[in-house]
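In what follows, a single structure is set out as structure tokens and then discussed.
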Amino acid sequence: MFKILFIGLSSFLIALSGAMMPGPLFAITVSETPRRGWLTGPILVAGHGVLELSLLLLIVSGLGSFLQMNETFIVVALVGGLFLFIMGLSMFRSLPELSLQNEFNRQAKGSLFLSGILLSLANPYWSFWWATIGLGYLVQAMEIGVIGIVAFFTGHILGDLAWYSGVSVGVYKGKKVLNDSLYRKIVFLCALILMGFSFYFIWTGIKRAKYFF
């Protein structure tokens, strides 16, 4: 029982500390919450979690070695970097027309659940984390059977959920002190984060490709 609790708690803390690092999912959570509400974070995490559960099952089935391949990293880095670049560019282009009142009244387009999946897929370090740290943790969890895997995944997804729910609630509650100028600055910063990660992912993909080939 103690080992199960330890696996769940440590998995929660590792996921929480990782989620606190700014990244694409964080940027979209902050930029979308004002017009989609405080459930933005939880819905994004739901999509992220379904993808992680699918990947976990594939790793248990022997996919770990595939995720560790250089070719996999290169493809994910380049395609993911391009995807984030397009998202960031779209946010930049929307800045002149952004208005809080318009955003609150506008019907949200696009699926947050799907965004949670795509943003995770676009990050090569997400799959690499699962192929290394996640795989190592899974090996330990599997020593006590299925319940160990359940404890690991439950702790992991709750760590993500706790952080992004907190971010969404904080941004949503703070909208009372937001004005158009501040909102544009926040979206601008989020767009910069996405563009920064897009260039970084593309650069690492090209660098890895040059080294590999």
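From the backbone N, Cα and C atoms, a Cβ is placed for every residue, glycine too.
Caution: TrEMBL annotation is automatic and unverified by curators.
Among the features that TrEMBL reports, transmembrane segment is placed at 37-60, 72-92, 112-139, 146-166, 186-206.
For the transmembrane segment (112-139), same-chain residues at least 6 beyond its ends with a Cβ under 8 Å from one of its own Cβ atoms are 7, 11, 14, 18, 23-25, 28, 32, 36, 40, 43-52, 55-56, 59-60, 64, 67-68, 72-73, 76-77, 79-81, 83-84, 149, 152, 197, 201, 204-205. Within the chain, the transmembrane segment (72-92) has long-range Cβ neighbours (under 8 A, six or more residues past its boundaries) at 24, 28, 31, 66, 118, 121-124, 127-128, 187-188, 190-195, 197-206, 208-209, 212. Non-local neighbours of the transmembrane segment (37-60) in the same chain are 25, 28-29, 67, 111-117, 119-121, 127, 130-131, 134-135, 138, 142, 149, 153, 156-157, 160-161, 164-169, 171-173; each lies 6+ residues outside the stretch with a CB under 8 Å from one of its CB atoms.
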